[in-house]
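Here's what TrEMBL has on this protein:
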type: ACT_SITE; residues: Tyr155; note: active site, proton acceptor
type: BINDING; residues: Gly12, Ala13, Ser14, Arg15, Asn90, Tyr155, Ala156, Ala157, Ala158, Lys159, Ile188; note: NADP(+) binding site
type: DOMAIN; residues: 6-186; note: domain 'Ketoreductase'
Amino acid sequence: MVLENKVALVTGASRGIGRAIALAFAQAGADVVVNYSGSADAAQAVVNEIKAMGRRARAVQADVSQPEQVENMVNQVLSDFGRIDILVNNAGITRDGLLLRMKREDWQRVIDINLTGVFLCTKAVLKPMMKQRSGRIINITSVIGLTGNAGQANYAAAKAGIIGFTKSVAREVGSRGITCNAIAPGFIQTDMTGVLGEKVREELLAQIPLERLGQPEDVAAVALFLAGPAASYITGQVINVDGGMVM
């Protein structure tokens, strides 16, 4: 198993892409900490699935935009598992609206969770990873961070920021045996895309050469690759998982 004896922290792991990544890591032999903000029952369900595979797991509640909560979460991981090998910054929200009508709080909340949360979680794991002289940081951005999207200026800005952040961190910590990469999903079948109307869905599919929405497992497969030994010489990269939507 490629992640045997590894410890992974996955933020926003109670559902969707985060859940799929947590389960994929466990299937590959990792012990997994399932971070969640409000979905305690869903997070515990993921933990139960992981334990059923024979791996250790626990759910930890934390708002990734709050420094003290992030520090407490990472300290809990170190206390319970003794190390942290993999961080997946997946937690994210949307507060869509045209810029002219966008409220300041909707702008700020998306930036706080989607971008500042990545900064806080990454900073919190760097010291233990540096002591180990090894670590994998995987940031979930979006193709929207590459292309922009009307009605999502806040989301696009945060996701574009993650890309620059990823490359900067990769340059800073490479000499310590730590890699930092990003995955840019396209339209993935999750709760976030489940609210789209049929007409919008058809318009999206027309932009995707593979003619289907992605599944959370498509993203999880790339995360597993980046976390494993086969990706040891890859850092500072952004990998699109979008069915060819952005080329």
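From the backbone N, Cα and C atoms, a Cβ is placed for every residue, glycine too.
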Fill in the blank from the handout: Whole-Å Cα distance, Asn90 (NADP(+) binding site) to Tyr155 (active site, proton acceptor), is 14
Practice task
Look up Ile188 (NADP(+) binding site) in the DSSP assignment and report helix, strand or coil.
Solution key: strand
Exercise for the section: Provide, as an integer number of angstrom, the distance between the C-alpha atoms of Ser14 (NADP(+) binding site) and the residue listed as 'active site, proton acceptor'. Expected result: 21
Exercise for the section: Sorry to bug you, but what's the C-alpha spacing from Tyr155 (active site, proton acceptor) to Gly12 (NADP(+) binding site), rounded to the closest Å? Expected result: 16
Handout entry: DSSP-derived structure type at Asn90 (NADP(+) binding site), helix or strand or else coil
Key = coil
